[in-house]
């Protein structure tokens with residue numbers, strides 16, 4: 001028992017989120033009639049404390065606890081920190097949106113916290129068992145959150161699609177894990193790696209099938225082509241506050257799962273999984289960018305944009321070097337912050353009975369709220385990869401990692417798709433600044449929301465001007 005509880009302190013961020021979720025659930029049940037937003041405040045405090053602990057742990061020793069089920073290292077601490085930050089932003093931006101539409105606010109925060117707990121377990125998983133446990137704990141609350149607006153038929157349809165596709169993906173992943181366990185008799189990722197190295201020649205067909213099934217499951221969670229079919233429909237059909245949540249932190253956790261499995265469990269058959277990742281990365285960047293160009297509805301546009309960004313993150317994984325893995329980690333952390341800002345504007349502007357649905361709803365935003373338009377301009381520039389925003393460095397590091405391993409042709413293709421992608425981001429900027437507004441009313445989002453949103457967007461500029469600290473943290477995470 002003492003051995004099991006030794007070094008349990010490294011799981012403090014998860015414990016804080018679990019306690020917070022339970023407190024938010026009970027307080028919403030018993031005290032909601034006295035203080036409507038009590039679950040919101042408890043959730044925010046818990047997330048901030050969890051983020052602070054994760055930040056303090058960065059740079060500490062790597063530890064394996066709970067009989068090697070759970071790993072504590074810089075990769076997990078960085079991911080947990082950014083998961084907490086993006087979940088906090090999602091909660092803050094969504095508060096007024098949920099209240100106005102009289103949606104069950106307590107349910108949203110509690111489900112969000114349990115999903116966050118799943119994400120944190122997922123990025124610290126060192127066993128196939130913990131990987132699957134974390135994945136399901138992350139996914140199941142997301143299905144319920146998508147259908148949280150019970151009277152909305154679009155949301156119910158989106159939730160059903162999400163659930164059915166998610167169940168198929170989970171089944172494929174579980175089947176892949178069962179094949180690995182059947183072939184090796186091991187669940188710990190290092191033990192799996194050793195068994196694969198020894199038995200690959202004799203059981204290569206079985207391992208190949210397992211790898212394909214597992215990568216298919218991971219591809220679904222990332223919304224990478226050809227497992228992306230659910231993303232545009234779910235992003236469009238779900239309430240904007242839920243789309244905001246789905247588009248940020250779960251992407252970090254899903255890439256964390258991919259990195260754990262590929263860089264530890266399947267490290268000896270890197271050349272085999274590179275072929276699958278190559279196809280997924282190329283198709284994601286290509287199809288994501290090309291289909292985003294023709295979209296007129298903003299949530300669908302950002303869904304295809306998300307698919308293309310996942311493709312770029314997979315380029316880093318494809319490089320199969322410590323620099324490539326660090327670039328992929330850096331990319332997904334920054335993407336989550338950018339996505340929180342982009343969907344944050346949609347949620348914050350969807351007030352007073354108005355729902356931001358079409359790109360045309362942003363027409364003339366510069367005349368209606370110049371500061372908000374400037375913040376969104378920073379987000380669009382960062383997503384397009386325009387210096388001095390941080391989006392430039394994310395793409396630069398990923399493409400440099402490809403060049404370093406002599407995949408220059410792939411870096412050129414990635415650069416070409418970046419140019420195509422810039423078109424639809426700049427189209428939004430053009431609409432905000434040069435088109436006449438259809439509604440002349442001033443856009444007001446409240447002082448608190450303006451401050452938080454400004455910090456979110458200005459961080460993209462700050463990290464672009466001073467990128468060194470975060471890049472160094474990502475490189476050190478894989479160097480160790």
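In case you wondered, yes, glycine gets a Cβ from its N, Cα and C as well.
Feature list (source: Swiss-Prot):
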| type | residues | note |
| --- | --- | --- |
| TRANSMEM | 11-31 | transmembrane segment |
| TRANSMEM | 69-89 | transmembrane segment |
| TRANSMEM | 109-129 | transmembrane segment |
| TRANSMEM | 163-183 | transmembrane segment |
| TRANSMEM | 207-227 | transmembrane segment |
| TRANSMEM | 252-272 | transmembrane segment |
| TRANSMEM | 276-296 | transmembrane segment |
| TRANSMEM | 301-321 | transmembrane segment |
| TRANSMEM | 329-349 | transmembrane segment |
| TRANSMEM | 373-393 | transmembrane segment |
| TRANSMEM | 401-421 | transmembrane segment |
| TRANSMEM | 458-478 | transmembrane segment |
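Only sequence-distant pairs (6 or more apart) were considered; of these, at least three Cβ pairs between the transmembrane segment (109-129) and the transmembrane segment (11-31) are under 8 A, so the stretches are in contact. Of the candidate ranges 69-89, 276-296, 329-349, 401-421, 329-349 contributes the most Cβ pairs within a distance under 8 Å of the transmembrane segment (373-393). By the count of Cβ pairs under 8 Å, the stretch nearest in packing to the transmembrane segment (301-321) among 163-183, 252-272, 401-421, 458-478 is 401-421. Counted over residue pairs separated by six or more positions, the transmembrane segment (329-349) shares fewer than 3 Cβ pairs under 8 angstroms with the transmembrane segment (11-31), which leaves the two as not touching.
Within the chain carrying the transmembrane segment (276-296), a Cβ under 8 angstroms from the stretch's Cβ atoms is held by residues 211-212, 215, 219, 224-226, 228, 262, 304-312, 314-315, 317-318, 358-360, 410, 413-414, 417, 420-421, 423-424, all 6 or more beyond its ends.
Nonlocal intrachain contacts for the transmembrane segment (11-31), taken as residues 6+ away from its ends with a CB within less than 8 angstroms of a stretch CB, comprise 38-39, 42-43, 45-47, 49-51, 53-54, 57, 65-66, 70, 72, 80, 84, 105-107, 109-110, 113-114, 116-117, 120-121, 124.
Residues 278, 282, 285-286, 289-290, 292-293, 305, 308, 311-312, 315-316, 318-321, 323-324, 327, 383-385, 395 of the same chain lie 6 or more positions beyond the ends of the transmembrane segment (401-421) yet place their CB under 8 Å from a CB of it.
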